[in-house]
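Chemist: Let me begin by handing over the structure; questions about it come next.
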Amino acid sequence: MWTSLATMLLLLGIVHGHCHRKRLRSRFFLVWGLLSYFQLLLLLQLAVVPQLKVLFSENMALTVLVLAALYCAYRTRTDPGVLNPHRNEDKEEVKIVIEDRVSAVREGRCAICLVPMPPRTSHCLLCGVCIQRRDHHCIWLDTCIGVNNHRYFILGLITLAMGLFYGANLTLTSLCQPMMFWGMFLVPRTCPGVFGDWLTAWVFTSAVYSVLVACLVSIVLLQQLIMVACNTTVYEIRKYQQFNGSIRPGSIWNNCLNFWIK
């Protein structure tokens, strides 16, 4: 089981490296993520819940987190803030601009798609469009993260991390010998006999996989929250000199307020 888990993670790393080097847009990671998510949920429902160690309220809480994460993922895949090409422009004017891309950049247009670019807008080579306040291109959702879907992306990270941690904890405390932590939380202590049969081993390995993914999601979430507090994006950090004049740091409170409310 551990060999299969290591092989799976190695395969993901190889495919990710290939897509990153070749600048390829692929739905491989989106399909992988969805299948993994549903597989973890099905294993818990079919192999753990029948043991009657998971309360109905705990199962419902997990279901709410799963549905919330899926809804946020759906909303994140909607319009990230794409600029409408040649909006309110005359076609002849666009043709003139196309003839001289250097002049287009000087006039505040994108050098690739020639769209007039407001401040803090950048072009995504994978999507082929300009995105307002673009943060990055998320390979796991196969979409850019921009002004319109950034909030749903962060909410999705929160619910996904909570769901993965919670589901893994329910699974491990059912398969392993549990103990109370701080007198409040039930956590696994020792796990004897989890590799006694293939189904239990599969469920246990999947729970460990959930914890690993949840840790990675939590790291990305922490990065995103720091970016929001600093009123910047991942892309702007990478291109600091290009966006230095258009970013107003502000206070952490105002930055968070503007991001979540305005």
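Glycine too: its Cβ is placed from the backbone N, Cα and C atoms.
These numbers come from a predicted model, not from an experiment.
Not my notes, these are from TrEMBL:
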DOMAIN    110-239  domain 'Palmitoyltransferase DHHC'
SIGNAL    1-17  signal peptide
TRANSMEM  27-48  transmembrane segment
TRANSMEM  60-76  transmembrane segment
TRANSMEM  152-172  transmembrane segment
TRANSMEM  201-222  transmembrane segment
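Quick one: how deep are these features, and who are their neighbours?
Modeler: Counting only same-chain residues 6+ beyond the ends of the transmembrane segment (60-76), those with a CB under 8 A from a CB of the stretch are 37, 41, 44, 138, 141, 143, 145, 149, 152-153, 155-156, 159-160, 162-163, 166-167, 170.
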Chemist: Using DSSP, how many residues of the domain 'Palmitoyltransferase DHHC' (110-239) fall into helix, strand and coil, respectively?
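Modeler: Counting residues by DSSP class gives 63 helix, 26 strand, 41 coil.
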Chemist: Using a Cβ cut-off of under 8 Å, list the residues of the same chain at least 6 residues beyond the transmembrane segment (201-222) that approach it.
Modeler: 1-2, 4-5, 36, 39-40, 43-44, 47-48, 154, 157-158, 160-161, 164-165, 167-168, 171-172, 175, 191, 194-195
